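Visitor: Could you have a look at this structure, given as structure tokens, before my questions?
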Amino acid sequence: MGKKSRVKTQKSGTGATATVSPKEILNLTSELLQKCSSPAPSPGKEWEEYTQIRALVEKIRKKQKGLSVTFDGKREDYFPDLMKWASENGASVEGFEMVNFKEEGFGLRATRDIKAEELFLWVPRKLLMTVESAKNSVLGPLYSQDRILQAMGNIALAFHLLCERASPNSFWQPYIQTLPSEYDTPLYFEEEEVRCLQSTQAIHDVFSQYKNTARQYAYFYKVIQTHPHANKLPLKESFTYEDYRWAVSSVMTRQNQIPTEDGSRVTLALIPLWDMCNHTNGLITTGYNLEDDRCECVALQDFQAGDQIYIFYGTRSNAEFVIHSGFFFDNNSHDRVKIKLGVSKSDRLYAMKAEVLARAGIPTSSVFALHSTEPPISAQLLAFLRVFCMTEEELKEHLLGDSAIDRIFTLGNAEFPVSWDNEVKLWTFLEDRASLLLKTYKTTIEEDKIVLKNPDLSVRATMAIKLRLGEKEILEKAVKSAAVNREYYRKHMEERAPLPRYEESDLGLLEGGVGDSRLPLVLRKLEEEAGVQESLSLTETVSKVKAAENGLVNGENLIPNGTRSENESLSPEESENVTGEESSGSMAKVKERL
């Protein structure tokens, strides 16, 4: 995944001799752990906390300078070894080559014509680095004792990667040597580059990512220095923050979810070769073939010899791409911003609104999304706004009588308004809310566009400003769209136009409403509304595995850089509080601490 792989040349094949004592670092990491485990700061104090944590991290990094294990030469020097290793172990290596595409970084280029839906790439399980292979590695003894590693597959995978990188004879060395030496995730941003994200919706996730990564490093530094099962780890003599940041980013930008060998559950994996593919808009074309026990990818479209081969990572917003993958995707057809809405409990009609929403499968308070495409809202949000703006009489119509179920059934469909007045109210409310969100930014759209013309702007600052600009453009578009809809329905109200009524024969219309949803509404994929890919239900995932006719696991959540299972939170920044306590207790308690 070259776009998130802008690299600096790696310089040495071994770790340098330590110039700082483990005890000194242990004292600093204890201070860092205490700072990162403090209660969340009050609103307006997040930046202050971030800079304090960053100062401690930078102090540790300075003392550890030169201690990390790296490799001689450039990343691309190892590509031939990767291809040879992949070929010898059953992966496909014909029809493509690894090339530097400049702005997009390294990716795959077709060396022959490839037809759409043609199977062109497969990687057998033995080549994958997984949580399962971590358990069977030198990390196994510590994994068996540490509840945090057991509860968080992404962290286990990061340590697996670090241990194998530090082992010259590792089976995965041909793969690890081709990984970037650094990334463009916010963990690598300079303070001024992070400052470009201030006032954006993404900044809170950036703060959380940085804080949690620092907390995890501090916790595991103590574990590695003091836990008896860590004695044989190749990290014992040198485990730097730089190492951990690299491993976390490598996993965060590349991880994917695959079924275990028996297909009964899912596990996290790094997939060599395939993870070189860059992203474009489209559909998921990668799955897992249980019969042949390999990851398979079919072509997203026709590719001619010389074309870059793209895959689709999933319906990610640009905030997700920047934070978890380290790149901004121009013309992202799935870009969106979050909007938090809820019915106030002080609302006189709260009980009735809550009941209508419950029947539609919608919570009284949630995070929805405003989309970059038309319409800017989904069926879920439309239904919520309609209920939010209902009069007492309209609420009664949705709760009582023979037609109540039909009214619930059509709540999220644009073809069947509750009333013209209700439509005017909801679009007016949305227009006002989006306008207020726009006013929270410290710069205007025009100012951001001017800044982006600066040729001296760093790659990461450019990403940050593009993200900031993109959020505002989506909000501005939502304001304009809401205004148009408001006037459209106001005209209908003034003209006393008859309301369309639902009949069973109209069922086909329900698939073409806002968000192209099938109603009645159920609480589905609110993570998409929030712009966050939430945890896949384990049972849901397993059922997908078993139901796949050809043994492929494929779908929106089975994508690089962000699939989840119940027991495996994908991105380290999403973990909550790591404490300095010894690893013990139930898995549930560990998850609460993390």
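Cβ from N, Cα, C; glycine included.
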Visitor: Given that Swiss-Prot annotates ARG75, GLU104, GLY105, PHE106, ASP275, MET276, CYS277, ASN278, HIS279, SER325, GLY326, PHE327 as S-adenosyl-L-methionine-binding, name the residue from ARG125, ARG254, ARG294, ARG348 that shares the site.
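Guide: The candidate from ARG125, ARG254, ARG294, ARG348 that Swiss-Prot ties to S-adenosyl-L-methionine along with ARG75, GLU104, GLY105, PHE106, ASP275, MET276, CYS277, ASN278, HIS279, SER325, GLY326, PHE327 is ARG254.
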Visitor: When the pLDDT values for the domain 'SET' (94-314) are averaged, what is the result?
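Guide: That stretch averages a pLDDT of 96.
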Visitor: Could you check the binding-site residues ASN278, SER325 and say which one's CB has the most other CB atoms within 10 Å?
Guide: SER325
Visitor: Using DSSP and collapsing to three states, where does PHE327 (S-adenosyl-L-methionine binding site) fall: helix, strand or coil?
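Guide: The three-state answer is coil.
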Visitor: With S-adenosyl-L-methionine as the bound species and ARG75, GLU104, GLY105, PHE106, ARG254, ASP275, MET276, CYS277, ASN278, HIS279, SER325, GLY326, PHE327 as its recorded binding residues, calculate the greatest Cα-Cα distance and give it in Å as a whole number.
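Guide: About 20 Å separates the two most distant Cα atoms.
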